[in-house]
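As written in TrEMBL, here are the features:
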{"type": "DOMAIN", "residues": "A:5-367", "note": "domain 'Aminotransferase class V'"}
{"type": "BINDING", "residues": "A:72, A:73, A:152, A:180, A:200, A:201, A:202, A:238", "note": "pyridoxal 5'-phosphate binding site"}
{"type": "MOD_RES", "residues": "A:203", "note": "N6-(pyridoxal phosphate)lysine"}
{"type": "BINDING", "residues": "A:326", "note": "[2Fe-2S] cluster binding site"}
{"type": "ACT_SITE", "residues": "A:326", "note": "active site, cysteine persulfide intermediate"}
């Protein structure tokens, strides 16, 4: 197989060798069920406790506020449905944004079948919500505000601190999907007044199928998965022990020394964006240039379609992503790109590159060279370019 | 997403008959930019035979591959035979298409019809 240049780290990441090494014994000798009484089971239990401490430390939370789940999607589902149903006597109104992940949007849509009302806050052309709009949207019957920490497509970082303050002042729970932000931005749930936070291991060089929901102590939330007494009796099911161990190690590694890591990534990101814009005419950089994840690049190339770009890049061994209809599995391009005001035909031509600290400048130079040729090639094929 | 066949990838990476024909006898265009695909086809016709064909396409891998394949299929054929080609024929010639991409083969077949219709309109006696 030829060399792969992996620029899709917002989709998933390569597992870190230290993470894998800590997980392996729990697939082999330490297979005990953490709920059992004998010594074999104790090592599983201790492993889970250590992982819980590591996750809590990364968020400045306490261990009893960390609940392991199957990933970001389950955490979002639990947070939103759990708060909605537990607090429906107070009200049935939820505020979110129109650029959330589908794990949030489709959960909210589901709740409308049960009489809940949802307000979708618009975003600016840079992809950021207006906190004044949030204040105006709050009603007496609002129980939850769910706004993502950072967007998975265009990388914009939301004004989380202000949102947290507004929610607290109005006595409303604040949930944030921080799946993309963990390891990229330092997060302190106390300082930011976050009541619930979703995270996932496989975005931070951990394994797939494991995540966590932070639930502030005292928050009134229903359980979604009923059964045994695991996770303090709030999320049943025998623990994914090796996965939990992996998440613990991954979050420790990814939140350690964030400033240095993001320093390198920001430099590489800005270099990539500037070079692409300089070399390829008729491009649009999506999202905010400053309030942006250190590893996110999202650019539209006029007159061409995203899936075509991806296929050509793949032919060169380059892995990337797009918000075109053909990659979303529907006829509509990305809801995020439409929400920032892009016309359909331009949204179809988007390309997302998400970097990791393993990417070198040499790799980026190669990608830019190939991309320049690919865009030129596809534009020659396009009837819109005439 | 379901994988593309080898033939689709091959036609996508090396599309046949790309370009314009300045003095085309018929031009067809289908699709729209909102949906993310547009095909334009140019044909030269001599004694009811398609002697040359070229295309330009804005769209995904399947849109480009079906355009390319359909131009190969109609080149040298009579107008009548070219009109008989169905989207299934195009998809089969490419070793099949993922279900979600079948509309691309529809587009290719409609584009042939549109180009022939344009030719007939211009050459009605």
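Every residue, even glycine, has its Cβ placed from backbone N, Cα and C.
Positions of the features from TrEMBL, shown on the structure.
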residue: A:72; record: pyridoxal 5'-phosphate binding site; Cβ contacts under 8 Å, 6 or more apart: A:101, A:103, A:177, A:179, A:198, A:199, A:200, A:203, A:211
residue: A:73; record: pyridoxal 5'-phosphate binding site; Cβ contacts under 8 Å, 6 or more apart: A:103
residue: A:152; record: pyridoxal 5'-phosphate binding site; Cβ contacts under 8 Å, 6 or more apart: A:10, A:101, A:179, A:180
residue: A:201; record: pyridoxal 5'-phosphate binding site; Cβ contacts under 8 Å, 6 or more apart: A:71, A:207, A:208, A:210, A:211, A:243, A:246, A:247, A:250, A:251
residue: A:202; record: pyridoxal 5'-phosphate binding site; Cβ contacts under 8 Å, 6 or more apart: A:12, A:13, A:71, A:208, A:209, A:210
residue: A:238; record: pyridoxal 5'-phosphate binding site; Cβ contacts under 8 Å, 6 or more apart: A:33, A:34, A:35, A:228, A:230
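Under the three-state DSSP scheme, residue A:72 (pyridoxal 5'-phosphate binding site) falls in the helix class. Within 10 Å of the C-beta of residue A:180 (pyridoxal 5'-phosphate binding site) we count 28 further C-beta atoms, all protein chains included. When Cβ atoms from all protein chains are considered, those within 10 Å of residue A:200 (pyridoxal 5'-phosphate binding site) total 29, not counting its own. Per the record's binding annotation for pyridoxal 5'-phosphate, residues A:72, A:73, A:152, A:180, A:200, A:201, A:202, A:238 show a top Cα-Cα distance of 30 Å. Model confidence over the domain 'Aminotransferase class V' (A:5-367) is summarised by a mean pLDDT of 96.
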